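K.L.:
Here you go, one structure.
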């Protein structure tokens, strides 16, 4: 393989790559750190850029450290373990600011204080293991080649304790593709999803649950992939667990969305939830993580989501937490915005998927003109795009804060606050 000598790493870019140049081409280098000089082995070369992996570090960055995970340079789950955690946060802050300036054409000199994870490792409560020929692990960076693992440092320690049982389960289910695990720290229990290309015998899965898995696994479902979605075949045992966050209690089903980093739950509610508004509309509410606190601090809340299971959980959670000033609708963000066009909206709370707002949704937001907007984002590029359009549509961007939800990875979450 071709080796590129003495590359100077200018910065780390979105995706976790170090950025360098070689003979007029941009080079994206895996496992690089800021301001390093290194050689790199070419992985693939395209017309205007090269993808490579660090081979020999000639001048090391002060932020470089030895990654604690023995699978790090093989597994694709993490991209930044070789960089000091404080520097990881600074890198993400720089990427977020650059995205806002370059994509959103926004004049922003600094971010608000970052909301940092309380733990650098052991923070995840949900994980998706890949399975191939009875082996459990994750795909290598940029490939579908399985890297076998017997622990993952990002997940809650209780999930690592479950891995031996999951490995045994993987060997006993033919053609198993994936195993999804959801853990509740407050209940100390698990829900599993078994992903197979065709339906797996329910009685066999019931026996495996009883004989292979610990009693802490309270439910297991069989699913098949349908494009980018999962088709539920059936479920054995309980299909939900409960999560405790501050004084709020949530029912969370196997098919619902809930914030993954449990060490950030309280800080997210303390930092993101806006109070003392008369009328709030919340889009993409999931199981009601933000909805319940929003309803406690504001007069009336209307929330919606396209996930029917999540809406049922959210409705249950409103009753569970004695909130009678919130209503939930199983509908798209577009439907909700269109339904309430022309009405007074004091606060619009957004937490969209990675694609951000659709063109039609953004158009309706600008037509409805809510007095304030809170935008929680998991993608800095689509956030920058949407914020730029909102500012050009008459809004003032008050602040943007990084949410370091996924330490050791390139993923960037953030929250923006806007006012008319």
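Even glycines carry a Cβ here, placed using N, Cα and C.
Okay, so TrEMBL annotates it like this:
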| type | residues | note |
| --- | --- | --- |
| ACT_SITE | 378 | active site, nucleophile |
| ACT_SITE | 378 | active site |
| BINDING | 259, 305, 351 | S-adenosyl-L-methionine binding site |
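Explain the structural surroundings of these features, please.
P.N.:
Residue 378 (active site, nucleophile) falls outside any helix or strand according to DSSP and counts as coil.
Taking a C-beta cut-off of under 8 angstroms and a sequence separation of 6 or more, residue 378 (active site, nucleophile) has the following same-chain neighbours: 353, 354, 405, 411, 412, 413.
Sequence-distant neighbours of residue 351 (S-adenosyl-L-methionine binding site) (same chain, 6+ residues apart, CB-CB distance under 8 A): 282, 283, 284, 285, 286, 290, 376. Mapped onto three states, the DSSP output places residue 351 (S-adenosyl-L-methionine binding site) in coil.
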K.L.:
Check each residue in the chain of residue 305 (S-adenosyl-L-methionine binding site) that is at least six apart in sequence and keep those whose C-beta is under 8 Å from its C-beta; list them in sequence order.
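P.N.:
Long-range Cβ contacts: 283, 284, 285, 286, 311, 314, 328, 330.
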K.L.:
Suppose we draw a 10 Å sphere around the Cβ of residue 259 (S-adenosyl-L-methionine binding site). How many other Cβ atoms does it contain, all chains included?
P.N.:
23
K.L.:
Taking 8 Å from the centroid of the Cβ atoms of 259, 305, 351 as the cut-off, which other residues in that chain fall inside it around the S-adenosyl-L-methionine site?
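P.N.:
The answer, listed by sequence position, is 257, 258, 284, 285, 286, 287, 289, 290, 376.
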K.L.:
Greatest CA-CA distance (Å) over the residues 259, 305, 351 that the record ties to S-adenosyl-L-methionine?
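P.N.:
Greatest Cα-Cα span of the listed binding residues: 15 Å.
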